[in-house]
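A.B. asks: I'd like to ask some things about the structure below.
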Amino acid sequence: MKNDINYFTSESVSEGHPDKLCDQISDAVLDACLRDDPESHVACETFASTALVLVGGEITTNTYVDIQEIARSIAEEIGYTNTDFGLDCHSMAVMNMIHSQSPDISQGVDGTGLDEYKGQQGAGDQGMMFGFACKETPELMPAPIMFSHSVLRYAAKLRKEKVIPWLRPDSKTQITVKYEGFKPIKIDTVVLSHQHYPDVQYDELKDTLINRVIKPVLGPTGLLADDTKYFINPTGRFVIGGPFGDTGLTGRKIIVDTYGGMGRHGGGAFSGKDPSKVDRSAAYMARYIAKNVVAADLARRCEVQLAYAIGVPFPVAVRVDTFGTGEVPEEKIEKAIKEVFDMSPAGIIKTLDLKRPIYKETAAYGHFGRPEFSWEKTDKTEALKKAIK
């Protein structure tokens, strides 16, 4: 890309957004299964509406999972403790509609399907997954999505600590960044909509959210300007929220979960899925690969696509795109990737140590750009450089 002026916008939603409530419940169920039975097969979906949480899907596990307790504890942890907030963890109905995994799927995953793949763990489904990394932030993530997550994470902290006592759980933000080529040069626009108690005045709400939430988070980036535009609760009121205001469903925030629209998405959601589902595990591996490519200074931007067929124990395709920023040809990077990384479903699980109860923490504020997760390590840079030579 030339050094043209351009703008890119990404949004995030808070842990109290109805869809994120559902993601967190689904991943908490997954964690409960993996904690006692790492071989659990889980595809857990959650639906939340007025006074109701419904948990369904396919689970095969050797442990007992208390769906009622998990759903209520997650809602309480988020802050849904009063019907006025959009949901009450104590009085809401919780329905359990879970059943076991299809044996037709299971035989492909367990290595008991076609003779040519006997004994090898196959992919849990077909599909393509993308990973992305760039040098816009220290986390090697796109700036708009990282900034959006950071604002909402800080707002939730102030809400839970009652520093801003009139905030309620539901919120979302959207940030537009001005670029010169691929370089962020200014935060152009910040949109923040936050649920609140009915008695707070709009002027106080707007001033507080700008000066006590947005500026403390985004100020240190050096990208806020005097003419940065702020749109705070643009309708003027956001009292009704949570599942009462909008129905929630697992897997409806896949762009929030990944790169904010910068970098492609294969379409598969993450939450509620055990690591045999390549929708999740291969997307994590693709991020791991792309981040190591960028950290190794082989490119300033990198997108990796992996593709799988159900029951097949290896990727059917691998693709690399450096958007013209590569220091070496893409075919060389692709060849090095195939040498350095084990992209088989079993290899991904082993490399990233994915049969652990780590998933509930991924289910709000993005799955990427967070150093606590194994797919964010940059421990393959030297191996990649060596493989390039």
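Cβ atoms here come from the backbone N, Cα and C positions, even for glycine.
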A.B. asks: Quick check on the annotations: Swiss-Prot lists region 'Flexible loop' for one of 101-111, 112-122, 266-276. Which range is it?
C.D. replies: 101-111
A.B. asks: By CA distance, which of the binding-site residues (GLU58, LYS273, LYS277) lies nearest to ASP19 (Mg(2+) binding site)?
C.D. replies: LYS273
A.B. asks: For GLU45 (K(+) binding site) and HIS17 (ATP binding site), what Cα-Cα distance in Å is obtained after rounding to a whole number?
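C.D. replies: Checking the Cα atoms of GLU45 (K(+) binding site) and HIS17 (ATP binding site) gives a distance of 16 Å.
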A.B. asks: So which one is it: of the binding-site residues LYS273, LYS277, which has the fewest other Cβ atoms within 10 Å?
C.D. replies: LYS277
